[in-house]
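Trainee: Okay, so TrEMBL annotates it like this:
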{"type": "BINDING", "residues": "A:H115, A:H119, A:D304", "note": "Fe cation binding site"}
{"type": "BINDING", "residues": "A:I137, A:V138, A:S139, A:G140, A:G141, A:D170, A:G183, A:D187, A:N276", "note": "substrate binding site"}
{"type": "DOMAIN", "residues": "A:27-310", "note": "domain 'Gcp-like'"}
Amino acid sequence: MKNDTIILGIETSCDETAVAIVKNGTTIVSNVVASQIESHKRFGGVVPEIASRHHVEQMTLVLEEAFAKAELTWDEIDAIAVTEGPGLVGALLIGVNTAKALAFAKQKPLVGVHHIAGHIYANRLETEFQFPLLALIVSGGHTELVLMKEHGSYEVIGETRDDAAGEAYDKVARMLSLPYPGGPQIDRLAAEGEANINFPRAWLEEGSYDFSFSGLKSSVINTIHNASQRGEELKSQDIAASFQSSVVDVLVSKTLRAAKEYKVKQVIVAGGVAANSGLRNALKDAFADTEVPLLIPPLKLCTDNAAMIAAAGTIAYEQGKRASWDLNANPSLILE
Amino acid sequence: MNILAIDTSNQVLGIAIVKDNKPIGEMKTNIAKNHSVRLMPAIDQLMRDVSITPDELDQIVVAKGPGSYTGVRIGLATAKSMAWALEIPVIGVSSLEVLAYQGRFFNGYICPFFDARRGLVYSAVYEWKNGQPEVVYKEENLLMADLLENLAQEDKPVLFLSPDIDIYMDAINTQLGKQAVIPELAFHVADASHLVLAGTRKQAEPTHALTPNYLRLAEAEAKWLKQQKEQQNNE
Ligand SMILES: [Zn+2]
């Protein structure tokens, strides 16, 4: 009698070709990520067509490595979970069509997973969930606060109205002529600087959990521009520190307030920007005085990977959700 | 020997199942609809119709382009992953070569092409010899005007085959006159079962090594290479 649920996960929503095998939604059996970052660096950002080209070349290699590392056979795989959106459509298509082909060839159930659900479930590979929980998702494409009352149920209580936090990081990094990807560079510079420039914080209307970063971005541009017109030189460390403190201030305050209002038992931080040390430290400080445990996954689970897709897919599979052969990539899939 | 053939490299979605050299099932549409949504349901249905299960497949043949970048990748992602999971060989065939099979009994040059926008086409020229298409002009992404100019120097009739024939009908007739042969529309879309014919003449590559036949760099890549060159020249 086989009691374990073993799920194969596939993720290709941006520039990582990723395959993983996860047991019971909690234990990584194997987790392989082929990053394309070196290839995209020369363009200063992810080029969708190039990303799609890499995915189709890498996919079977990554699959093979994931199976080799897991040392198990197809018989033991219960289902295949794949990111169906959101993301770059051409990139998503490779994962979706691969997953369908594998599921058809091996006659396995197929489950579609929302990329953000994946980021949240990355945490379950470290710590078991306790509901209700609040998740702060911050990445190049997302800034969201999600309330979960039970497994597989997602209520978006706040989201960005314009740029994602990671997007703002990349744009400010470009203004400071920092190499791609800009987020970690700003984080590094910020640690050396002083937050002595008062950039705006977009709190939006009273009680709102939404975010907005485009005003901040413009303010950074104007500040740099005005200073150079006056012939002043601002220290890029200080710009980075001031910018980061504005972003972090809003993220931390809203997360803390939502955690209290919804009386959550856990707060989860997910997405690529969760790797940011400024954000990590501020969140840790803010939640140190509360009873609520703050969970931040290790770096390699913060960034895009397929173990998180398999973990979220495990719940969908156990809840009886199935995708049919007409499953498609959906670049603007809504989390629900 | 059961072979599944897949072609999603252009607007046509074609699949076929060939059993011991005999095409026993084929499905083809020529409409602008989403290959990603329709391919797997079509394979599932056709395999049910001919009573073959996935684990009874011995080989997969796929059209590897040129054509729509996304379409080519949907076909390759599907074919490679299926072949890898089933541990069977996968063979990639040029989308131009399979179209040339529509001119199997033509005495002269066979010129399949696909529109590549802005007056450009993906094309090749073949001649049927010893029961197979032999390459006369290799595959290329070039201006249709240049292709026609070259063909006009030849002393053989040229059969044009293309799902995009309408776009270039006037240009072909003006440039080549009676040298050009353009059949009825029914001959301008490839048959997936011909992929299997073309595939039998090819060696299967390792599954991982099968890559799309784009015939063109990604735009960003081409630009970047151009910049690198200019920088080198300036130094
Ligand atoms: Zn992500």
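For all residues, glycine too, the Cβ spot is worked out from N, Cα and C.
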Trainee: Among the binding-site residues A:G141, A:G183, which residue has the largest number of other Cβ atoms within 10 Å of its own Cβ?
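Mentor: The most densely surrounded of these binding-site residues is A:G183.
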Trainee: Taking just the CA atoms, what is the gap between A:G141 (substrate binding site) and A:H115 (Fe cation binding site) in Å?
Mentor: 11
Trainee: Taking the binding-site residues one at a time (A:H115, A:H119), which has its Cβ surrounded by the most other Cβ atoms within 10 Å?
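Mentor: Of the binding-site residues A:H115, A:H119, the most buried by Cβ count within 10 Å is A:H119.
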Trainee: Near ligand 1, which of the binding-site residues A:I137, A:G183, A:N276, A:D304 are found, taking a Cβ distance under 6 A to any of its atoms?
Mentor: A:D304
Trainee: In whole Å, how far is A:H115 (Fe cation binding site) from A:G183 (substrate binding site) when you measure between their Cα atoms?
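Mentor: A:G183 (substrate binding site) and A:H115 (Fe cation binding site) have their Cα atoms 20 Å apart.
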Trainee: Taking Cα atoms as reference points, which of the binding-site residues A:I137, A:S139, A:N276 is nearest to A:H119 (Fe cation binding site)?
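Mentor: The answer is A:I137.
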Trainee: Same chain, not part of A:H115, A:H119, A:D304: whose C-beta falls within 8 angstroms of the C-beta centre of the Fe cation site? Give them in sequence order.
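Mentor: Going along the sequence, the neighbours appear as A:E11, A:S13, A:T83, A:I116, A:G118, A:A122, A:S139, A:A270, A:G271, A:N305, A:M308, A:I309.
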Trainee: Enumerate same-chain residues with a sequence separation of six or more from A:D304 (Fe cation binding site) and a Cβ-Cβ distance below 8 A; give 'none' if the list is empty.
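Mentor: Counting only residues 6 or more apart in sequence, the Cβ neighbours of A:D304 (Fe cation binding site) under 8 Å are A:E11, A:S13, A:C14, A:E16, A:A18, A:V33, A:H115, A:G272.
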